[in-house]
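Scroll down for the structure; my scribbles are underneath it.
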């Protein structure tokens, strides 16, 4: 096997193992640690740390440690979060959430740098176009990586379904589930059906082992970037100082279009935060039990992956406006339906319909918003995507931050309001673009949604 492709596969399977654990844990945080909102608080802190990490750490660590050891070290930050869940308290989970957040940005930056360097190196030797090889490498990576959401959630559901203490939930307790929840720990309504500590420890043990295997795979089998690739690596790592990067991020806000896109970018964090923090807890866990959370999130992950591929392909024919309209209508319909729906165990199929439709919408938000940033700010991509990470992460922080303070119906109204505001602002951006280049419809421009499409999922 060609050496560069071998390294691509090692990174891909390393990320698969790592995010099989992290993805499953993220989906369960609000249900496993509902006391005083510890689970969602940890996720809020995690994304706040990720904001800081994105601005300062990646260039420094990659220059000091190189890509291989930055990837390995950052993966250890994810393992720390798994270990923190063994004895979940404010003194263990919050610090390990900070550690994971700080490791998140260097991990993804080092992965991108490594794959780009490997692609350019192989293209130079083979006399091929560098961009084509890089796109192939990222295609292989995401093909393998995307399935992590399925495996992590499948493991959790299979383990928790072994619980022998499942009980029938009373109608009185069911009234505290859904949009008009009773603002108590909804898992208390099913406390007799909660998995035992032994099952929880078994799951956490598997997740931790998966993370350790990921680190070992990288440390033992991933090649360091060779000296004959140093020039390519130097070009990639020649980044400004972190203070100039920090300033460029905020100087980019002078662009009116960037300011108008802030609500849309934050909405991406809001909607993902609602699904993983509120839907899993107040609808799925409250009515069906925690062992169904994994199955429901598998549905979301599978539809999201398929639709990401589909919409990335068809956007050149439909244009982004039509896809944004589809996502808006789908998401708005889901929000309104969740406000009206009174969840009941007899309506099992409905619990899977919502994450499927949510996955369809999220696929559009991710692919098309990334593509939009790439087109509008082609000359300032670094600052533009730094803003993307900043505002989306802030959306996560806010969504998880108020998760335990407000009833679900209020959060749904907030979500709907931000969605409407996002589309009004997005419409203004399209108007400005059409006005600035009346002879070139923006929807006919080639939309680059390649390797950056899924970077937003940590």
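Glycine too: its Cβ is placed from the backbone N, Cα and C atoms.
In TrEMBL, the annotation transmembrane segment applies to 199-222, one of the ranges 7-30, 175-198, 199-222. Here the transmembrane segment (199-222) lies next to the transmembrane segment (69-88) in space: the count of CB pairs under 8 Å, restricted to residues six or more apart, reaches at least 3. Below 8 angstroms of C-beta separation, residues 178-179, 271, 279, 283, 311, 315, 350, 354, 357-358, 360-361, 364-365, 368, 408-409, 412-413, 415-416, 419, 423, 426 of the same chain, each at least six residues beyond the ends of the transmembrane segment (323-341), sit close to that stretch. The transmembrane segment (386-404) makes no contact with the transmembrane segment (289-311), as judged by fewer than three Cβ pairs under 8 Å among residues 6 or more apart in sequence.
For the transmembrane segment (347-365), the residues of the chain that approach it from at least six positions outside its boundaries are 267-268, 271-272, 275, 279, 283-284, 287-288, 292, 295-297, 299-308, 310-311, 323-324, 326-327, 330-331, 333-334, 337-338, 341, judged by C-beta separation under 8 angstroms.
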